[in-house]
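Here is what TrEMBL records for this protein:
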type	residues	note
TRANSMEM	40-60	transmembrane segment
TRANSMEM	72-94	transmembrane segment
TRANSMEM	101-119	transmembrane segment
TRANSMEM	125-146	transmembrane segment
TRANSMEM	153-175	transmembrane segment
TRANSMEM	195-213	transmembrane segment
TRANSMEM	241-262	transmembrane segment
TRANSMEM	268-288	transmembrane segment
TRANSMEM	300-320	transmembrane segment
TRANSMEM	326-344	transmembrane segment
Amino acid sequence: MNETASETVKVTKTAPGIAIPPKSDERPATRTRRRGLAGYLGRFGVPIFIVLLTILFSSLNPDTFPTLPNAQVVAASNSLALVLALGALVPLIAGEFDLSMGFTLELSAVISAVLLGQGGMSVPVVLLIVFCTGIATGLLNGLLITRVGISSFIATLGVGSLAAAASIYLTGGAILIEGIPRSFVAFGQGNTYGIPNMVMIGAVTLLVFWVALENMPFGRNLLAVGLSRKASELVGIRTKLMITTSFVISGAVASLCGFLALGRIGAASSGIGTSYLLPALAACFLGATTVRVGRFNPLGTAFAVLLVAIGLNGLQLYGVPGWAEPAFNGCVLLIAVGASSLAAKRR
């Protein structure tokens, strides 16, 4: 009996192949609290930074920044960026990039200006034509990627270049401003009960994408495709159809943004799309570091758009030179991609 007990003790103390971790002076409760705090800061770091930036710029520009007119301008001018970012979010969740969205936006704005100004068509008819243009662009992207096997970078960049060429051809290098209905521009620049119309469109779009991507089978299937296409196919998900659909959605959203941009600005020209694309992609990657850390998500994207908007507006009111805006967008994109990559590795 004593020999058996002795052998048991020996096995317990000297069991081969088992590494005994070093003792830590830190208590488990302390480590848990620190991990909880780090997780909280990681999940809500962007909203916290928004509050800090707001306080900073309010103190630097107390007469202009923390005012209702400035808030309305910031919200209205960045609602299109939010809508475009939500469209770019869909292919990203599926593991693809759509670099043609900016070019699709400018082509849609140019087509809208031509049809409204020179063609004399009604606004609903032009919206339908532009919407079909965006769907066709997205469908072409999807087919080139899923059927031909071209990478999304090359395919969307090539299709985007074609769209840019079409914009230059239609405008002839000029700015289209004549013949655009005043009522259309008034809607794009106007308010309803003190809320900019563009903000309401952005809010409705955010709600639709949040429901579709976070609470419906479509969003779950899209996420599964982005995580593992082989595993998705094994469970019956039609991955090629999902990827093509994601590009159709992004193309349709980009065309809608072009149509709305014409109403917001009151003019259209070639070359305006790239100024929208970079902030949209930056918002998508930065949004992946908040709310649902390591995942592209609509609410995180909305917070990221707001963060970039407040940062740019604060810098402009502070009187920074013109090169600061593209530099700010570039830095945000690099930081966002790096942070989202680290967040994805930690999940």
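Cβ coordinates are placed from backbone N, Cα and C, and glycine is handled just like the others.
Automated prediction, rather than curation, is the source of TrEMBL annotations.
Annotation: stretch 72-94 has the most Cβ pairs under 8 Å to the transmembrane segment (195-213), among 40-60, 72-94, 101-119, 125-146, 268-288. Long-range contacts of the transmembrane segment (40-60) within the same chain: residues 66, 286-287, 289-291, 293, 300, 303-304, 306-307, 310-311, 313-314, 317-318, 343, each at least 6 residues beyond the stretch ends and with a Cβ under 8 Å from a Cβ of the stretch.
Between the transmembrane segment (241-262) and the transmembrane segment (125-146) there are 3 or more Cβ pairs closer than 8 Å, counting only residues 6 or more apart in sequence, so the two stretches are in contact. Only residues 6 or more beyond the boundaries of the transmembrane segment (125-146), in the same chain, are considered here, and those with a CB under 8 A from a CB of the stretch are 96, 98, 100, 104, 107-108, 111-112, 115-116, 152, 155-156, 158-159, 163, 240, 243-256, 258-259.
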